[in-house]
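**Q** Below is a structure I'd like to ask you about.
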Amino acid sequence: MPDFPDFDVIVIGGGHAGCEAAAASARFGARTALITHKRSTIGEMSCNPAIGGLGKGHLVREIDALDGVMGRLADKAGIQFRMLNRSKGPAVWGPRSQIDRKLYREAMQSELADYPNLTIIEDGAEDLIVEDGLIRGVVGLTGQRYGASKVVITTGTFLKGEIHIGAKRIPAGRIGEAPALGLSDRLYSIGLPMGRLKTGTPARLDGRTIHWDRLEMQPADEQPIPFSFLNSEITVRQVQCGITWTTPETHAIIEAHMNESAVYSGAISGRGPRYCPSIEDKVNRFGDRDRHQVFLEPEGLDDHTVYPNGISTSLPEEVQEKFIRTIPGLEDAVILQHAYAIEYDYVDPRALSPALEVKLMPGLYLAGQINGTTGYEEAGAQGLMAGLNAARAASGKDPVIFDRAEAYIGVLIDDLVTRGVTEPYRMFTSRAEYRLALRADNADQRLTQRGIDAGVVCETRAAMFHVKHRALESARNLLKTLNLSPAAAVRNGWAVNQDGRIRSAWEYLSYKEICFDHLAQVWPELSAIPAEIVAQIEIEALYSAYLDRQAEDVAALRRDEALSIPSDLDYDLIGGLSNEVRQKLKSVRPGTLGQAGRIEGVTPGALTALLGHVRRVRKAG
């Protein structure tokens, strides 16, 4: 066997979490290895051919702001860009794109192949090397030992993964690929709290056999907006998606065979994603509906495969054939790959610190579906943070942790390590208390400087960020120096309160009825401001009054987060706690008073008792 030098960080798994983890670690400067079964599956999109969406698009922008790879590669491979939620406020707009699977996979493999400080190793991970309770590396399927002081596990659905199609059970991490067994056993042996979750994927159809002329078609946006702050336009050819619906006949077939579904037959014990239910779940839970929407999503520009989003199932193949052909437009559809459900092991993320490090084993980090999440974007965000924090720890530096007022990444990780999961977790804008500030449009202004300070942002992005930051500051300052009386505003056709108070152009821009073009008619010098800067300034001004009020809430959050709790605190010594609250605090071991307050069931009275005890301990110490 070839000898490998010791690495600073080893990342196990070449999916979306693993790719971001390996890239972030390498960008920081750590000697990094990515261990994956096959180079050819790095960057594979195992389920839907899409990136972004409501909440998820915010995560992609944040990954990009920290110089991650997902957004840039999605721009290279995106074949139908759409901004979701346009009818609502900009804070909840969700960038999304259909993705050409082949283009994305090839772009990811090309990106990582020449990444400085990164070595790709084609092998499986059978076990961890542990000495004196500390991580020392990884043992491959070949028996090869790879040394490292930090290891990031990003195994997706591979931990004891098992595919279900009707009564069939197939050990697999995904279709056609073996599961990871030894690694799962090792995690159990560490004493980590673990469980089973499930997810599913629909059949893949031959687009040449679909009656597209019978369907409603959904085009891309006329002016696609890129994910990456480094890109100003999309050059990939855009395509349309089809929309169809299930029928009462579809539902009748599914109901007649419900007991043959792996989920309803009892073959699967793990819970599936609430917000991405199988078609059996939809029929069972929403019996009053006579149809459910199905999006027919092309998987590539030169690929005839179509992904029917909305009909994932674990029913037998012959039942799938029957019910699919009752859907308008799919009467003659040929199935290229049947749908399946997959059940897999996960670790209760409350076993992790906010740095995504395993509390019981320093040096071991987890990211992605192993932590109970679902989705490429959630995986990528965790991967970036786990990889960065592993690399920083390897060089003796403190972890980077975002709070809930800084980033959706902060919301995601705090939810996981504080509240845990009982079903696959996905991001929504509604999970963020400070979503008016955590917008997709300003992710770079929120996070890129933090990334620069953390050592994870390249010089090119840093330079572009500083140019944009200065342009925004200049535009804001100019708008705040230009003033107009209410009487003059009315003469320009603006409906404003005639209170005699002179207002700045910035204040006028906060009125919904007044846009930047209106201001430029009064102050022609504003026309010189670039369109990109104008777009963000308009959004900032619109929310300015709300953001000023929200600043008090953020300050309160930061005060609570500043009150740290010793990691070895003996909760049995705290009076006034119920047994339930005491057990929850022991399980999570919150690092701050703020985190303790977000644990389900922890009351204000319990927080007061906890705070008093911590202060007494500090005073005595």
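Every residue, even glycine, has its Cβ placed from backbone N, Cα and C.
Feature table excerpt (Swiss-Prot):
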BINDING   Gly13, Gly14, Gly15, His16, Ala17, Gly18  FAD binding site
BINDING   272-286  NAD(+) binding site
**Q** Would you pick out, from the binding-site residues Ala17, Cys276, the residue whose Cβ has the largest number of other Cβ atoms within 10 Å?
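**A** Comparing the binding-site residues Ala17, Cys276, the most crowded Cβ belongs to Ala17.
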**Q** Can you tell me how far the Cα of Asn284 (NAD(+) binding site) sits from the Cα of Gly18 (FAD binding site), in Å?
**A** 36
**Q** How big is the Cα-to-Cα gap, in Å, between Glu280 (NAD(+) binding site) and Gly15 (FAD binding site)?
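**A** Glu280 (NAD(+) binding site) to Gly15 (FAD binding site), Cα-Cα distance: 28 Å.
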**Q** Within a 10 Å radius around the Cβ, which one of these binding-site residues has the most neighbouring Cβ atoms: Ser278, Asn284?
**A** Ser278
**Q** Would you pick out, from the binding-site residues His16, Arg274, Lys282, the residue whose Cβ has the largest number of other Cβ atoms within 10 Å?
**A** His16
**Q** Using Cβ-Cβ distances, find the residues under 8 Å from Gly18 (FAD binding site) that belong to the same chain and are at least 6 apart in sequence, listing them in sequence order.
**A** Val11, Ile12, Leu34, Thr36, Val152, Thr154, Ala367, Gly368, Gly383
**Q** Round to a whole number and give the Cα-to-Cα distance in Å for the pair Gly14 (FAD binding site) and Gly272 (NAD(+) binding site).
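**A** On Cα coordinates alone, these residues lie 23 Å apart.
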**Q** Please list, in sequence order, every residue of the chain apart from Gly13, Gly14, Gly15, His16, Ala17, Gly18 whose Cβ lies within 8 Å of the Cβ centroid of the FAD site.
**A** Val11, Cys19, Glu20, Ala21, Thr36, Thr154, Thr155, Gly156, Gly368, Ala379, Gly383
**Q** Return the residues near Gly13 (FAD binding site) by Cβ distance under 8 Å, restricted to its own chain and a separation of at least 6 in sequence.
**A** Ile35, Thr36, Ala125, Ile153, Thr154, Thr155, Gly156, Phe158, Gly368
**Q** Among Gly14, Gly15, Gly272, all listed as binding-site residues, which has the most CB atoms within 10 Å of its CB?
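**A** Neighbour-count leader: Gly15.
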